[in-house]
Structures are given as structure tokens and as C-alpha cells.
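Here is the structure we will look at.
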Amino acid sequence: MDIPSQSFSYIKGPMRQENNMAMEEMVREAEQLQTEIAKRDDSGAHNNDTAMLADAAKHLKPLEKKQLTNRAVLRGHLSKIYAMHWASDSRNLVSASQDGKMVVWDAHKVFKLFLVPLRSAWVMTCAYAPSGSFVACGGLDNVCSIYSLKSLDGSANLSRILSGHDAFVSCCRFIDDNKMLTASGDKTCILWDVETKSKISDFVSHTGGVMSLSIQPNENNVFVSGACDASAKLWDIRDRKSVQTFAGNEDDINDVKFFPSGKCFATASDDGTCRMFDLGSGKQISVYTTNCSTEITSIDFSSSGRLLFSGDNAFNCNIWDAIRQERIGVLAGHSQRVSCLGVAKDGSAICTGSWDGLLKLWN
């Protein structure tokens, strides 16, 4: 049964205060663990990189099993949903489907704000600008299309088309209203000047199609990419080159996401695992796997970093204790693969999108 729109809201009162206190404690624990990892790496205390995080986390209490509530279902797409992305206000989100539509939603009131017909139905990615003024999408048409949400007639109008990739656009992310990063099957990432629709920089080093990118929190000059060469690469926009390569996955990387502190990042791969890598040591520090052969499509962290969410081809979203590397819950309810997911910036909700054409909100 769908929940009425007015029932989806932030947690209020004493319960919210309690949750905020717990979140602050999780953040402190994560920061302490990163310091401990750095110490152990400097001292050479571990030859087994993947045991590093687990050993450092031994003193932490295991988290209780998590059962998040499905608070609402966003219905409106008529075909497979391939991508979603939260607005920075943690209220609105955008989704893109191969029904040829991009939809901007008010997740609190559970209704459509904008219905955007796309130039190409073969969409693979979408993004919300930090200002809330623009949304973007890309796919098999090899371009990134940007739409303004501030037009005088109240509709979402095509504002810019960024053309320059030689293959599909798999991921796009705004740095700000005038700068955009895109990743492509042509094995490159591009930094764009949105106003002039021109390239600022090409980022070339991967040997397989680039499937995802993630911008470092609080540092817009650094991003990480994941590709079909089974590697992730760290880039500095100012240097216009790869400054670090991370190996460990054994198959295509479908998604990458920075830890909230920006000191680590995680990958989701067709090898059936999620892995976390530490920027300071350059090493893989944890692996998350159910020992099943299903591909992992998408990942994101809770705002504290203690939880890791992973969507997969088995129709589920797993919840992991990111520190202890233990699965502590499952978000079940989709009838086809979970193709995308995202945690609201304020941590109030997670949204999962699926090939079943539905977006589900959990909190």
C-alpha cells in the first residue's frame, strides 16, 4: 500500500535528536578509524591490506540489524529506470528512464515537479546541479543535455548540449552551474565549461569505458572514476592527469562513491563485490560480498559513513556496516534489478531505482 504524501517527512522531536547524536558518534568513530589505519599503514603493521580496517574496528560494537521503512513509492515512469540523483536540499530528486522521460520529483510530497521529454530514450545517467537550477542527463546519444528549471513558463527547457565524447555518456555530475564532469564509454572523462559548451580538460588514462565518477566532498578539484578496465583512478582537475590508480576489482566497475570525509572511496563491480580504498595509503582496506555471483550496480554511504548501501541484479539493496564489513540488512521490494540508489545529503532517506520502473523511498 502506498503511503499518503503527507506521511513522508523528516524525523522530528526527541527521536530525531537521538538519531543525530548516534550519527555524530558514528562520524567520530569513522574519523578515529581512519587515523588508526594511517598509523598502521605507516608502521607496516599489516601485510594483508583487506584485514586492516577489520582489525582497527575490533573495539567497535556491532550494529544492530537494520530494517528501514519503505515510506513511499514514486510512480510515473513506464520503463526501466537507469539513474537517479538527489538535489542538495535533500527534498527533490531527478530520475531518468528508458521511457524517454526525465522526472524531477518532490520526494516529501511525492509528486512530479517537472516531466522532461528527452532527445534520446537511451539514457544512462542524470544529475541535479547543487544550486537546484539545472538537471542534466546523458546516454547512448554520446552527449550531455542540460535543462533549466528556472524558465519563465514553469517548464524544464533544454539549455545546453555538451558534445565531444565518441561513445555513450555513462555519468555526469555538476561541480557548479558552470562546470560539469562527464564520463564515457570512450575511456575518457571531460571537464566542461557549461556556458560556452566547450571542453576545459580531457582526462585520459583508463583502458576501458568509464562508467562512473564521484567528486570529492568539500574539494571540487578532485574526483575518482571507475571503469571497465576494473580499475579506479584519482584525478586532480588542476593537474589534468591521473594522480593515483587503485586495483583490486576483478571485473567492470559500475559505480564509485566517496566516503563522506573524502579520505576513502568505494567501488561497485560486476565481480559481485564492493571494495573500499584509502587515499592516504593507496590500498584496498575492505571488501563487502555476499559470496553470490550477482553484479553490484550502485552504491552510496550514509551521511555518517558507517553504513554502505549496495544495489544489485538480484533485485535487492544490501545494507553493510562499512567499518566491520558485515551485512546488517536488506531493502527488498523491487521486482527487477536495482539499477541506481542515492542517500539524501542530510541522511534523512535513501532512494532506490529499478528496472521495474519504480523509485522507492526508505527512512
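Here the Cβ of each residue, glycine as well, is placed from N, Cα and C on the backbone.
Values in this document were obtained by computation on a predicted structure and should not be read as measured data.
Lifted from TrEMBL, the feature list:
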type   : residues : note
COILED : 16-43    : coiled coil
REPEAT : 74-106   : repeat 'WD'
REPEAT : 162-202  : repeat 'WD'
REPEAT : 203-245  : repeat 'WD'
REPEAT : 246-287  : repeat 'WD'
REPEAT : 331-363  : repeat 'WD'
Interface present between the repeat 'WD' (203-245) and the repeat 'WD' (331-363) (three or more C-beta pairs under 8 A): no
Other parts of the chain folded back onto the repeat 'WD' (162-202), taken as Cβ under 8 Å at six or more residues beyond its ends: 122, 124-131, 133-134, 136-146, 208-215, 220, 223, 225, 227, 235, 237, 240
Mean of pLDDT values spanning the coiled coil (16-43): 55
